[in-house]
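Novice: Below is a structure I'd like to ask you about.
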Amino acid sequence: MWWDERVSARFRRNLQPTLTYWSVFFSFGLCIAFLGPTLLDLRCQTQSSLSQITWVFFSQQFCLLLGSCLGGVFKRTLAQSLFALFASSLAISLVFAIIPLCHNVVVLAVVMAVAGLAMGCIDTISNMQLVKIYQKDSAIFLQALHFFVGFGALLSPLIADPFLSDTNCILSNSTANASSNLPHIRKSLVPHHPGNLSHYDLPMKGMVVTRVSYAFWIMALINLPVPIAVFFLLYKERMVPCFNNSSHPLLSADELAMETRPAEKDDLSSAVQRPQAAEGHDDLFSCCQSKNFRGASYTYFAVHITGALVLFMTDGIVGEYSGFVYSYAVEEPLSVVHKVAGYLPSLFWGFITLGRLISIPVSYRMKPATMVFINVVGVLITFLLLLIFSYSIVFLFVGTASLGLFLSSTFPSMLAYTEDILQYKGCATTVLVTGAGIGEMVLQLLVGSIIHDQGSYSFLVCGMIFGGLAFTFYTFLLFFHRMYPKPSSDMDDASPDKPAVTDDTGQYQH
């Protein structure tokens with residue numbers, strides 16, 4: 001194997017939980033990408049206007065952000081975390097099954113809000129649990145985790161595509177005229193920017209003709225093995241109530257290292273059974289409690305804030321670029337034909353997924369800090385070249401692919417780097433996931449408004465500014481890393497990375 005025996009042994013010991021968390025993130029990806037291409041058919045199903053149906057985007061994304069903030073609530077015991085993942089992944093399957101039955105846009109928005117909450121919990125808990133299991137070795141496993149979300153995001157539009165309507169799916173006297181605009185409208189629908197296509201007149205009354213229900217039912221079946229996998233993990237750990245009523249607390253970083261000392265195992269077992277004060281990985285609201293700030297240096301807060309701001313910018317770029325690159329391409333000066341421009345979002349997401357796959361072996365050989373540096377510099381240079389060659393259609397496609405590659409591994413690398421700085425005792429996972437979610441939501445709204453007022457060229461200018469800010473915040477993070485207190489020698493001895501204790505570290509739970 002291309003990694004060393006220590007990491008390989010650790011992976012084998014934690015094979016089932018690791019594969020389970022990866023599968024749950026596939027469920028997350030499956031749910032995050034289906035709404036865009038199917039939104040027009042859902043508009044027909046609910047017989048709503050374009051401006052009304054695009055608010056469904058907002059309900060999903062807002063509740064995803066809320067779920068990310070609240071996901072840390074379920075961190076106190078392994079049982080709570082797994083039950084939350086089981087409920088969330090099962091909820092996504094149920095959402096897929098229920099969507100075809102939603103004939104009112106308000107009901108559909110509520111259902112998508114439930115999906116958003118489930119996705120937010122999955123996002124926070126899965127990242128958090130992999131960090132807890134692998135700690136200093138977590139980078140490679142986080143890269144794999146985020147590959148699965150990309151794979152799911154690629155798969156769901158492919159499933160939906162054969163069942164999308166070629167003509168307007170509400171038959172009325174104006175159907176023929178409206179149907180000619182349908183491909184352009186479908187590719188121009190942008191999350192969180194309701195009303196951006198309100199000037200198109202599509203019929204709202206008439207006979208509904210759509211087969212998109214089959215796509216959702218297929219996705220519900222594809223996703224069903226995910227909650228089953230989580231249930232089997234619960235069963236293996238004897239956490240299913242009818243088999244065992246006990247819950248097993250998660251091990252903290254120090255306890256995980258201490259388990260390797262045979263003379264102290266008895267002491268540890270008794271210590272784990274006592275109620276524990278949370279040392280980190282709380283929900284966002286618990287992280288903000290004053291008791292967590294006592295004795296903390298200013299660099300502790302600076303690392304959290306600058307790390308979150310880097311992801312605020314980079315994840316915001318992912319959201320705004322995927323949402324607006326089609327609209328930018330079809331406008332002057334490029335004036336790309338609609339069918340060709342429609343490949344740009346798919347190319348972008350395809351290279352994000354490819355980049356995450358490539359990053360799995362790369363992250364083993366390269367430090368997370370170096371990977372993030374390459375990512376933010378690459379994003380900045382790519383936007384600069386896109387601005388210089390703004391009249392080149394060929395370079396727009398090359399730049400889109402390059403941007404997808406550089407953005408692909410930013411989140412998992414940033415999470416691994418920040419957690420490593422904080423020695424797995426801060427609230428980095430929750431704060432970073434929340435910052436990324438806010439960035440994706442806010443920057444898309446901001447860029448949509450700017451493009452509306454200033455024209456399509458401002459799309460690249462905004463990307464350049466966001467990339468520059470991401471690089472600036474990362475520079476500050478490097479500075480605060482140098483200022484952050486170094487771990488004591490005792491902590492170094494207890495580190496799971498030390499050779500003296502590698503054989504027995506990384507146990508999933510006891």
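Every residue gets a Cβ built from N, Cα and C, even glycine.
Remember, predicted model here, so these are calculated numbers, not experimental data.
Per TrEMBL, region 'Disordered' is recorded for 488-510. For 21-40, 52-74, 81-99, 105-126, 138-159, 214-235, 298-318, 340-358, 370-389, 395-417, 429-451, 457-480, the entry in TrEMBL reads transmembrane segment.
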Novice: Between the transmembrane segment (457-480) and the transmembrane segment (370-389), do 3 or more CB pairs sit under 8 angstroms, pairs being 6 or more residues apart?
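Specialist: When sequence-distant Cβ pairs are counted, the transmembrane segment (457-480) touches the transmembrane segment (370-389), since at least 3 lie under 8 Å.
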Novice: Count the Cβ pairs between the transmembrane segment (105-126) and the transmembrane segment (21-40) that lie under 8 angstroms and are 6 or more residues apart in sequence, then report whether there are at least 3.
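Specialist: Counting Cβ pairs under 8 Å, at least 3, so yes.
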Novice: Please indicate, using numbers and ranges, the residues of the same chain that are 6 or more beyond the transmembrane segment (429-451) and have a C-beta under 8 Å from a C-beta there.
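Specialist: Distal contacts: 61-62, 64-65, 68-69, 71-72, 120, 123-124, 127-128, 131, 190-193, 196, 281-284, 287, 304, 307-309, 311-320, 323-324, 327-328, 411, 414-415, 418-419, 458-459, 462, 466.
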Novice: Is it true that the transmembrane segment (298-318) and the transmembrane segment (457-480) have 3 or more CB pairs under 8 Å, sequence gap of 6 or more?
Specialist: yes
Novice: Is it true that the transmembrane segment (214-235) and the transmembrane segment (395-417) have 3 or more CB pairs under 8 Å, sequence gap of 6 or more?
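Specialist: Between the transmembrane segment (395-417) and the transmembrane segment (214-235), which are separate recorded stretches, there is no contact, as judged by 3 or more close Cβ pairs.
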Novice: Which bits of the chain, at least 6 residues beyond where the transmembrane segment (457-480) starts or stops, bring a Cβ under 8 A of a Cβ in it?
Specialist: 299, 302-303, 306-307, 309-310, 313-314, 316-317, 320-321, 324-325, 327-328, 369, 372-373, 376-377, 379-380, 382-384, 386-387, 390, 418, 443, 446-447, 450-451
Novice: Against which stretches of its own chain does the transmembrane segment (395-417) lie, if we need a Cβ under 8 Å and a gap of at least six residues from its ends?
Specialist: 127, 131, 138-139, 142-143, 145-146, 150, 307, 310-311, 314-315, 317-318, 321, 325, 329, 334, 336, 343-344, 347-356, 358-359, 362-363, 367-369, 371-372, 374-376, 378-379, 382-383, 385-386, 389, 428-429, 432, 436
